[in-house]
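A.B. asks: Pasting a structure here, questions to come.
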Amino acid sequence: MELYQGVNFFELPPHVYAIADNAYRMMCSELNNHLILISGESGAGKTEASKKILQYFAVTCPMTESLQTARDRLLLSNPVLEAFGNARTLRNDNSSRFGKYMDIQFDFKGIPVGGHIISYLIEKSRVVYQNQGERNFHIFYQLLEGGEEELLAYLGLERDPQLYKYLSQGHCAKESSINDKNDWKTVSNAFSVIDFTEDDLENLFGIIASVLHLGNVCFEENHQGRAAVPHTHEIEWIAKLLGVHSSVLLEALTHRKIEAKTEEVICPLTLELSVCARDAMAKAVYGRTFTWLVNKINSSLVNKDFTKKTVIGLLDIYGFEVFDKNGFEQFCINYCNEKLQQLLIERTLKAEQAEYEMEGIEWEPIQYFNNKIICDLVEERHKGIISILNEECTRPGPATDLSFLEKLEEKVGKHAHFQTRKLAGPKGRKRIGWMEFRLFHYAGEVTYCTKGFLEKNNDLLYRHLKEVLCRSKNSILKECFLVAELENRRRPPTVGTQFKNSLSSLLEILTSKEPSYIRCIKPNEKKQPSQFDDFLIRHQVKYLGLMEHLRVRRAGFAYRRKYEHFLQRYKSLCPDTWPHWHGPPAEGVERLIKYIGYKPEEYKLGRTKIFIRFPRTLFATEDAFEFSKHQLVARIQATYKGCLERRAYLKKRQAAIKLEAHWRGALARKEAKRRKWAVQIIRKFIAGFINRNKPLCPENEEFIVFVRKNYILNLRYHVPKSVLDKSWLMPPGILENASDLLRKMCMRNLVRKYCRGITAERKALMRQKVVTSEIFRGKKEGYAESLNQPFANSRIDEGDINPKVLQLISHEKIQYGIPVIKYDRKGFKARQRQLILTQRAAYVVELAKIKQKIEYSALKGVSTSSLSDGILVMHVSPEDNKQKGDAILQCEHVFEAVTKLVVLAKEENLVNVVQGSLQFYISPGKEGTIVFYTGPEEQIYKDKNGQLTVVSVRMQS
């Protein structure tokens, strides 16, 4: 498909796709309607060719999502119509038993948007009878083979087609080359796409099943010689599926209603007439259902956009048929093929010669007329036979197939292409039966049996049966059999008349469109691939007149077109004719081809048309036109884009100017409004400032609110972070009271937070700090500097104390320990010791020995100087014989050690801060003195007077 898409017609070998693509491109460029006529024998491939063309349009045409459904419905209408209108014959496994003409509608973009189908003469007789080796319509077998069990049970059907008389007469119900189960799936899918409702399908399958049940209705003759139905099982199923009363249906199948002027008479039918009535009902129901099906498909294909459309028609009609036994259907089919062959000759061979003569083109005409190609007698012969057939069907009195044959011999007997056994010579007489006549068609001679001609042409349905069907509850039959038919007393037209009229309307459709032709050649009679029967193919080539067509085309010109159309298409190739030619079209074309460079042997100029002999000349012209078209399109696009851009620029410029003006106005109004607001605010604040000390009133309300807000917002960045931070933002005069309240609240909150964050251990240490403050604040130098130094629980770890000492005081818990320097009471020699405080006593420890134990009850007092030295003296009572004297100690953390001692001794008044000197107890009746001085450096020594002198550096305040 891609290979042939958009390619010039003569560039590639002939193909179905080439015909389709050429018709499509000509339709799009010239906006006229086209037709593709597919012809050939039965089984030559006409239906397959039409499918290929539809597939080509579906794949290659531009498509939109919204039109996808229309395309799918066009494609899937084929399997539905094939299921209901095609059957297996001796010559073809998928033979079309009806004629089909399809219009594919395209919009101005070349997109397929809809379609319409016309059907011609479905072979209804196949419903009730098939020749040996043939089948009924496909849908019956597909339903039995592929239908779901629930569906078949609802329809009262079994899967075996041999159980049904209407399916088993040809003795080939199952064929290996046909897959009915897969075909059923395809048809079911097509139903869903074509928009059949569940009710439609239920009623449709009900009709198909009722036809099968109808064929199994058996009649027998009673003692009165009348037809009767011994078993009404099938009648009950038909009544259920068609929605009629079983008793009324049974009566209509075995009786006939005859209407007189004033009364109705119901007459019983014979066995033979009842069988005919049953078969007539089956044919009528199926035939009208098929017409309803075509109309239903058309309603789904209709395009609701009523703009002008162009169409490509596709004619796929039954091919020429010659069987061992040929009846009324073959007569109509072959008549149709004769008319199409006549049309082809008139529109190709004769028209070719007539066109050259009319245009004044010199050429050598070719003799293509022979007795089988020329069809000038076909109209007279067939019309005569159909007229005689209609006369026999409508004349009063008894008419039989034999009387019809005799009438033919009388009226048409002298025709050169007509023979009967009576009129034939001695040799031909043996091959013609008494009830047969022979016609010489363009494709060969065919012998027709007149048996059944009158019955099939009449195609009558008893009024009694028609009344039953008109009252059916099946919605499809309601549309097919209208009650208005019962009121019409006129005889309906015969099948021959209907077919002749529909054929005439078909020919009118075909002649109104530009035709393209596809001839299908049947390669062999065995339906085998890759086998070519030379004799069969030569015969088809001969009677189709293909050789004559080739000779005419070769001797003539490959391309011809009216001057106006040629000039309109190719005028852009010449500066003199572009963009407009104001003279006669013929002169414009002559100047155009001279500019292009046509050689004299490549063309001829007629009276109204130009004729081009060689395809290569046309190809070169078309290529030049495509190149020129691209240049023109590029120039048009550039000009148009420039115009659009210029228009857009001007529009944007005007919009920008307007926007700028409006924006500047908006900004000015906004600025004026802002200034006005600022003036009002400033005035209010000035008035508020003047009246700020007055009680709250309208004059100072906004000012005070602003001052409050501003102060509060600024205060959040100056809030103290700790209880020691005494800073506070200075408030304005009107907020001093509020500021004091806020400051107190803030401080309380900080204190609260601080207190909540103190652990019990830290709280105890801080309480000790309070004790220290009570003892030393303002009395001893260095106190202020010690405030920021937190107390420790102990300055000695338990691991630093000798184990022997721990063993000696194991009965007491150590509360505090600190390294100290002990000075002897007599010589004031300094010794390293540890001061360990327990719950009951203080221990002065040397390595593994307790040098002195002072119980808190025996502690008389603790003395320290007012200077910054670390000396403390623990006084003991002289009466206590256990004590050796007061203990003179020096430690780094004197404030901490004294406080711990006082807390454990539970006596705050023990501490005495002395100035200058202090006395200490050495032994009974003997005391020592410690003198305290300040100096440039710290010293502790024994002076000449035998006193302990402590020199400390004065701390700067």
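Cβ atoms are placed via backbone N, Cα and C, with glycine included.
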A.B. asks: Would you mind telling me which of 112-134, 503-525, 871-893 TrEMBL tags as region 'Actin-binding'?
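C.D. replies: Range annotated as region 'Actin-binding' by TrEMBL: 503-525.
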A.B. asks: Can you give me the residues near the recorded ATP site, meaning same chain, not GLY40, GLU41, SER42, GLY43, ALA44, GLY45, LYS46, THR47 themselves, Cβ no more than 8 Å from the center of the site's Cβ atoms?
C.D. replies: ASN92, GLY319, CYS520, LYS522
A.B. asks: May I ask which residues of the same chain, at least 6 positions away in sequence, place their Cβ under 8 angstroms from the Cβ of GLY45 (ATP binding site)?
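C.D. replies: The answer is CYS520, LYS522.
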A.B. asks: Please work out the helix, strand and coil residue numbers for the region 'Actin-binding' (503-525) from the DSSP assignment.
C.D. replies: 9 helix, 7 strand, 7 coil
A.B. asks: Please identify which of GLY40, GLY43 has the densest Cβ environment, defined as other Cβ atoms within 10 Å, among these binding-site residues.
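C.D. replies: Answer returned by the neighbour count: GLY43.
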A.B. asks: Averaged over the domain 'Myosin motor' (1-626), what pLDDT does the prediction give?
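C.D. replies: Mean model confidence (pLDDT) across the domain 'Myosin motor' (1-626) is 85.
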